[in-house]
Amino acid sequence: MKQQICILGSTGSIGTQALEVIRNHADLYEVYALTANNRWQELAMQARQFHPAAVVIANEAHYDALADVLADQPEIKVYAGTKALEEIVEAEPINVVLAAMVGFAGLVPTIRAIKAHKKVCLANKETLVVAGQLIMQLVEQYHATLLPVDSEHSAIFQSLTGEGTNEIEKILLTCSGGPFRLYTHNQLQAVRAVDALYHPTWTMGPKITIDSATLMNKGFEVIEARWLFDVPSEKIQVLIHPQSIVHSAVQFCDGGIKAQLGVPDMRLPIQYAFSFPERLTLNTPRVNLFHQPLEFFEPDTERFKCLTLAYDAIGKGGNMPCILNAANEVANEAFRNAQCSFLAIADIIERTMQSVTFDASPDLDVYLQTDAEARRMTAESL
Ligand code: NAD
Ligand code: MG
């Protein structure tokens, strides 16, 4: 029986690479549902190639256009709206949900997938940043399987495989350093979105590319690791590793370190989440360690304040990481639209973290309210 896969965010960077994985292993995987936010033409093209049972376009304004262009494919059901997107993950034949939407919008569909006992392959890190405690509680309560797709977390997960309850002393979370790793404060003052949208080692969607340049992405990954592996943030150390070959590592109580290495290519972590515990072939270039220096540096948290803000947020707990995420989503977009400078991003987020109502033990409703309040306050402060 082929695994039936639902991809939330199939037109994105992760989504399209996941489709490549599925195409390369068509004997094992089949697409059951594809979803996108706005790019209905691309979604229709994917539907013609992969023949899913359903497609969902989140933005209802594109429903007619999408339904029209797929009218000659009556076996593909077409839906629109966020409700439909949240419902589709529950469809009975689906075995695997790949959560590859970007931002807070991924939270509710991911929760619905967990509650429907689907195997969830999680790329959407914002879900764990916002509501990590709730998500991990639900995973336990519903005996769900949650597998990391983020490359660092996949590397940590791969390093932990076979280790049972052996004690983790420390997680070594690697970080390319982004395009501005060697920039001075003055140089950082002048950078524009086009400069930040070029990443030295990874090709990704626009939001995460900016987050990688500010190092907020790494801060998010500290929070993500804290919840996925139940390790306090004090035991998660960020290492700048410009080559992006060591994708992260775990240091155990006997001092032994296990790491996962490979070329920077998201198809491996995506495929591993699909196939775990098995490994499938993947035709990527191989790392040649003879030609590959491996360097590690400490991050500079003065130039890259977002990393400190993320540690502060997880240290404070409650809804603070949710506030951090919402403020970042607004500031990140403002920077992409040339409405604020690169260095202002961290200042804007810090102000929002100081202003939004703190809640030490939030539930889903509190997260939804906090997200809305933090977005409004951040937008007003621009
Ligand atoms: P992207 O911008 O390329 O794609 C986002 C996808 O989500 C698109 O298909 C889009 O249509 C959909 N989407 C966006 N907003 C939506 C909404 N409100 N409702 C419904 N659908 C919506 O992003 P990406 O780079 O593929 O990243 C996706 C997620 O994976 C992010 O959370 C990111 O942090 C994470 N991630 C990405 C990479 C990477 O290499 N790209 C690596 C690790 C983690
Ligand atoms: Mg990552």
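Using the three backbone atoms N, Cα and C, a Cβ is placed for every residue, glycine included.
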Self-check item: According to TrEMBL, which candidate in GLU86, GLU87, GLU221 joins ASP150, GLU152 at the Mn(2+) site
Solution: GLU221
Quiz prompt | One of LYS119, LYS125, LYS235 listed by TrEMBL as binding 1-deoxy-D-xylulose 5-phosphate at the site of SER151, GLU152, SER176, HIS199, SER212, ASN217, LYS218, GLU221 | solution = LYS125
Self-check item: Candidate from GLY177, GLY178, GLY205 that TrEMBL assigns to the same NADPH site as THR11, GLY12, SER13, ILE14, ASN124, GLU126
Solution: GLY205
Exercise. Go through the binding-site residues GLY12, ASN124, LYS125, GLU126, HIS199, GLY205 and pull out the ones with a Cβ less than 6 angstroms from some atom of ligand 2.
Key: none
Self-check item: Cα within 10 Å of GLU126 (NADPH binding site) - qualifying binding-site residues among ASP150, GLU152, GLU221
Solution: GLU221
Practice problem: Using all protein chains in view, find how many other C-beta atoms are within 10 Å of the C-beta of GLY12 (NADPH binding site). | Solution: 24
Quiz item: What is the number of other Cβ atoms found within 10 Å of the Cβ of THR11 (NADPH binding site)?
Solution: 23
Practice problem: Anything within 10 Å of ASP150 (Mn(2+) binding site)? Look among the binding-site residues THR11, LYS125, GLY205, comparing CA atoms, and list what you find. | Solution: LYS125
